[in-house]
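J.: The structure's right below; bear with me while I get my questions together.
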Amino acid sequence: MTAKTKPAPDIATLTKPKAKVELMRLRLEIEGHDKAYYQDDAPKISDADYDALRRRLEAIEQKFPELVNASSPTQTVGAAPARGFAKVQHAVPMLSLGNAFADDEVAEFALRVQRFLKLDDVPAIVAEPKIDGLSLSLRYENGELVRAATRGDGFTGEDVTANVRTIKDVPNTLKGKHIPATCELRGEVYMLKQDFLALNKRQEEANETVFANPRNSAAGSLRQKDVTVTASRPLKFFAYAWGEMSDYPMEEPTQHKMLQWLDHAGFVVNPEITLCHSVEDALAFYRRIGEKRASLPYDIDGVVYKVDRLDYQERLGFVSRSPRWAIAHKFAAEQATTVLEKIDIQVGRTGAMTPVARLQPVTVGGVVVQNATLHNEDYIKGIGNDGEPIRDGVDIREGDTVVVQRAGDVIPQIVSVVMEKRPAGAEPYHFPHKCPVCGSHAVREEGEAVWRCTGALICPAQAVERLKHFVSRLAFDIDGLGEKQIELFHERGWVQEPADIFTLKARNAELKLEQLEGYGETSVRNLFAAIDARRSIELHRLVFALGIRHVGEGNAKLLARHYGTLDAFLSAMRAAADAQTEEGNTSEAYQDLDNIAGIGDVVAEAVVEFFAEERNIKALDALLAELTEVLPAEQARRDTAVAGKTVVFTGSLSKFTRDEAKAAAERLGAKVAGSVSKKTDYVVAGEDAGSKLTKAKDLGVTVLTEDEWLALIGN
């Protein structure tokens, strides 16, 4: 990521009026980046670019101190808390640190401390890795965790107590003796590099947003409205500081003694932290940790130096937005220059087509980099997610000399192009409109940056996930054929597309499934019987099983009920697909599809794109040849007491399963919802009904027992 700026005027030549204008521009730009970083967890520029903006701001304010005001980023910390979480006032402000970028700046810091304290020598300093995560304050009363808050703007943060209780590294009760009655303990929430990569892989497979780096993933995971999402994320916590303390747990407290106490109290303290007795020791630590940086399991972006004695810290105090007794020694951005030899397209399990830069091998931060993500078509063209130019609008071409940076020490990315070295014959990159794996045509939906392969049924890159979907509970639901079996059969080449499932029995003389570990003649016979039982399938299950983008269970039922029979559905879809053009679709078949209540343009276009791909039609025809019957959709009745009503089922139902209840309600014309709202007409509550029942009562929604529901529907 690079800052998007025009050539800035030389500070030495600035007049006061011009300085005022430049300060206003810098303050607005920095405030925007602070919001993106602290509130949105989506920084738009690199740390190095951000630091450069701040240093320019500080230099101009130093030259024109009369232009400094209270709202300047040099006088504030972070950004105001985001909406959605309760606000928490910090008893002791969580201020940010001043930065040093060179050894002599660290030496100047140490000399300032020595002079301020009027000491003969530089005092002892604690050096610790600067974790690239999210700052957190934990308030304990009588040893019990009562509140957790983010830093926010340094004075007011967000209450994230419920989410923090799911982090294993944060004790709910402090251990040991000498626990202060009140203590605010602070540290950093972070995510290990390997956990970040695994999370992003799961996000991609689930067709969810992937995170740019471990810091963003940690921040986004902590600030979830749904605590179960936070609990599912592998968050870690390092303790390293404190705020309000009713008293200290030892006499003559020091920084390193307090860190030892935090360790005994049940926190994880970074084992790399070192007590240094000179500036030379501190700088040696900086160099040593810098060399280890690439091999550390977590991200760091520098080293923090803190005066060890707490009485010295108290005497030194604070200046504007940072303490006098601490400073952050930042690492330079890890970048290198190399040649982009080729752009390849990778196809994910959901059909997403991602461009990857193949680079001449280059070492960045101690790691050999040969590939870099190019994200999507717009990124290659020099367009950001917000539609604004990135890299000053410069596109990326094969043959370009590029600057590569390891973002967050994990994902290599291209941050700029060396235009002076662009080959004369370099052509703009044209994103492929066909899948490089299966040859199916690709589509890019309006409002999205990603191109997707439409060969859902036949693309090898998508096969495993599509086949798992095909046999899932709401689709064909074949007993004995789950995700593990699909993975095994696909790996052996036995099942590549849905029709192959129904030919397993005919091919078993060659395959010999009964010889597989965990199988025998009886289990294989049962599997074949379960497959044969599904040769007759309801239309809505078949439509859902096809794995068409945006067609979930609900939309599959809408389509099945509208068309009624398989023949009518296929005839309409083929007619709409035949009329599809780049300019759009004005056919009667498409208009009929688009006008189905609850479908709309996005779903209609996805369905037509599926049927416009001949390879999908071929795979579907092969499947239908193996089926004996596709049952017509049962039309919802309109003459019942619940027709047109919205119903929610909650709790443990004893007279029917949840699926049976849902199916019966839909046959009677009711709409079954998953959550309670003002639009809900009935809530049917079984045993141990929880929050949905409570909400229904609060909203005045009619609550029925199972017997009352059965009486209402006349059963």
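Positions of Cβ are set from backbone N, Cα and C atoms, glycine also.
Per Swiss-Prot, the feature active site, N6-AMP-lysine intermediate maps to Lys130. The NAD(+) binding site annotation in Swiss-Prot covers Asp47, Ala48, Asp49, Tyr50, Asp51, Ser96, Leu97, Glu128, Arg151, Glu188, Lys306, Lys330 and rests on sequence analysis. The Zn(2+) binding site annotation in Swiss-Prot covers Cys435, Cys438, Cys453, Cys459 and rests on sequence analysis. Look at Swiss-Prot and you will find 637-715 tagged as domain 'BRCT', backed by sequence analysis.
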J.: Using the Cβ centroid of Cys435, Cys438, Cys453, Cys459 as the reference point for the Zn(2+) site, which residues of the same chain not in that list have Cβ within 8 Å?
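T.: These residues sit around the Zn(2+) site: Val347, Gly351, Pro436, Val437, Gly439, Ser440, Ala442, Thr454, Gly455, Ile458, Pro460, Ala461, Gln462.
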J.: Using Cα coordinates, what distance in whole Å links Cys438 (Zn(2+) binding site) and Asp49 (NAD(+) binding site)?
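T.: Per the Cα atoms, Cys438 (Zn(2+) binding site) and Asp49 (NAD(+) binding site) stand 41 Å apart.
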J.: Sort the recorded positions Lys130, Cys435, Cys453, Cys459 by C-alpha distance from Asp49 (NAD(+) binding site) and give me just the closest.
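T.: Looking at Cα distances from Asp49 (NAD(+) binding site), the smallest one goes to Lys130.
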J.: What mean pLDDT does the predicted model reach across the domain 'BRCT' (637-715)?
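T.: Looking only at the domain 'BRCT' (637-715), pLDDT averages out to 85.
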J.: Taking just the CA atoms, what is the gap between Leu97 (NAD(+) binding site) and Lys130 (active site, N6-AMP-lysine intermediate) in Å?
T.: 11
J.: Helix, strand or coil: which one is the residue listed as 'active site, N6-AMP-lysine intermediate' in, per DSSP?
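T.: Looking at the DSSP assignment, the residue listed as 'active site, N6-AMP-lysine intermediate' belongs to a strand.
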J.: Taking just the CA atoms, what is the gap between Cys435 (Zn(2+) binding site) and Asp51 (NAD(+) binding site) in Å?
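T.: Counting only the Cα atoms, the answer is 41 Å.
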J.: For the C-alpha pair, I'd like the distance in angstrom between the residue listed as 'active site, N6-AMP-lysine intermediate' and Cys453 (Zn(2+) binding site), rounded off.
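T.: Here the two Cα atoms are 42 Å apart.
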J.: Out of Asp51, Arg151, Lys306, which of these binding-site residues is nearest Cys453 (Zn(2+) binding site) by C-alpha distance?
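T.: It is Asp51, whose Cα lies nearest.
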